[in-house]
Amino acid sequence: LKCHKLVPPFWKTCPEGKNLCYKMYMVATPMLPVKRGCIDVCPKDSALVKYMCCNTDKCN
């Protein structure tokens, strides 16, 4: 599985066990990702921060 890094078009290969790509962004600025990468479990959204997770190649 390959997930985008914070600055596309760069990406990295996920280590074993981290089989989800995720994108974290502030609710106030949904078009500006704060963090991207590989993760094992999708975190819960909060009032300020949202997470978008998926299990396909480079979809974050």
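Glycine is treated like the rest: Cβ placed from N, Cα and C.
In the disulfide annotation of Swiss-Prot, C21 is paired with C3 out of the candidates C3, C14. Between C53 and the candidates C42, C59, Swiss-Prot records a disulfide bond only with C42.
Between the CA atoms of C54 (disulfide bond) and C38 (disulfide bond) there is a gap of 10 Å.
Taking Cβ-Cβ distances under 8 Å and a sequence separation of 6 or more, the neighbours of C42 (disulfide bond) in its chain are L20, Y22, Y51, C53.
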